[in-house]
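Listed features, source TrEMBL:
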{"type": "DOMAIN", "residues": "1-90", "note": "domain 'CARD'"}
{"type": "DOMAIN", "residues": "156-280", "note": "domain 'Caspase family p20'"}
{"type": "ACT_SITE", "residues": "HIS236", "note": "active site"}
{"type": "ACT_SITE", "residues": "CYS276", "note": "active site"}
{"type": "DOMAIN", "residues": "294-387", "note": "domain 'Caspase family p10'"}
Amino acid sequence: MQDSEREALRKNRQALLKDLEAKRIASRLFSKAIFSDEDKDEVNSKETKNEQGEALLDILPRKGPKAFNTFCDILHEVSPHLESLLRPIQEEGMPTEGTDGGIGNKNPIPSTINPGAAEHADQADAKLFSFGGSSGVKPSSNTLDTETVYKMERGTRGIAIIINNKEFLRTSGMDRYPRNGTDVDRDALQKLFRMLKFDVRVYNNRTRAEINRIAKEMATYNHSNYDAFIFSILTHGEEGVIYGTDGTLTIKEITSEFKYSASLAGKPKLFFFQACQGHEYMDGMDVTDAPQDNRVSVPAEADFLYAYSTVPGYYSWRNSVNGSWFIQSLTKVFEDNAERMDILRMLTRVNAMVSTYKSRTGDHYSDSKRQISSIVSMLRKELYFFPENIERS
């Protein structure tokens, strides 16, 4: 291992130890012939999680030239937010960058900087969409406290809506800016939501009125036989608004429909928005339920969660081959962790992963820009998609 790699491990040791799944990683290192049997046993013999991490980080620097990169590759699969500490920048290829911005962009990035570039783009990030990994759902008989954890036990957890707008009409002012790459996001979300046991319904290229109609229909639908609801939209946007194919509507118009949905009362309602929220580019900085028969009264604003691809005022980046940074990160983190981790912890890891990307457009105004996704939660309980896998004391 190089001195610079040892130094990276030393500098980030305490941050790594906070969330390092040492036994799992030691097993992976053993399977890749980096750790010996004795190394793996040394980690597993420690009683506490912190001691296991200490042992792993003590052994790793002695394991040869491939150890560091192999360790980082495993972190990419297991804990991408920790990988970002050691390999902090992921760059997207210049020819395929674009944003999900709206009218008013003073320096719009052309949608076809290089018409043939998408076919020749680096395919390395395609692994972010490889579903169906080795870890499967492991049902158990664990019973969780529904006072602190949402019920998630139906064979079909709920309905998941995906609205995917790629092409826009002239009336929208966005007809010259197709959202190339959005179909990759749509397919990745569809696969993810199915994996999470949701009934997925996809709508492509919908107008403002059609989006409103879908929201109204879902808000008045009888969700009594479901545990949750998901609404996701992939489109252009500005602060507080998103684009139908013919123009804008406010995010509030969509979400407010669900506040008084009787059959969703007390159940988690999850909204995912892949869209810009403004016209600014983000720079980087260098840094060293109760039983069903009971009536439950909850605030109208309760049990909502909103996940946005960026923060108010800023662009949201999308790659024409691999899809958007946010959806790439969301699907990767959820696929790796949804069977054992609650949604807020996963979305924090999504934030970390999104923050490691950096644009490379070749344009002075938009090159080397960053992004951070954001979470707004009014959830009252912990939300696990597979609570049967979670051990409670």
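Yeah, the Cβs are placed from backbone N, Cα and C, and that goes for glycine too.
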(message) Restricting to the domain 'Caspase family p20' (156-280), what is the model's mean pLDDT?
(response) 92
(message) Suppose we draw a 10 Å sphere around the Cβ of HIS236 (active site). How many other Cβ atoms does it contain, all chains included?
(response) 28
(request) May I ask for the distance between CYS276 (active site) and HIS236 (active site), taken between their Cα atoms and rounded to an integer number of Å? (result) 6
(request) Count up the helix, strand and coil residues in the domain 'Caspase family p20' (156-280) according to DSSP, in that order. (result) 41 helix, 38 strand, 46 coil
(request) Write out how many residues of the domain 'CARD' (1-90) are helix, how many strand and how many coil, based on DSSP. (result) 67 helix, 1 strand, 22 coil
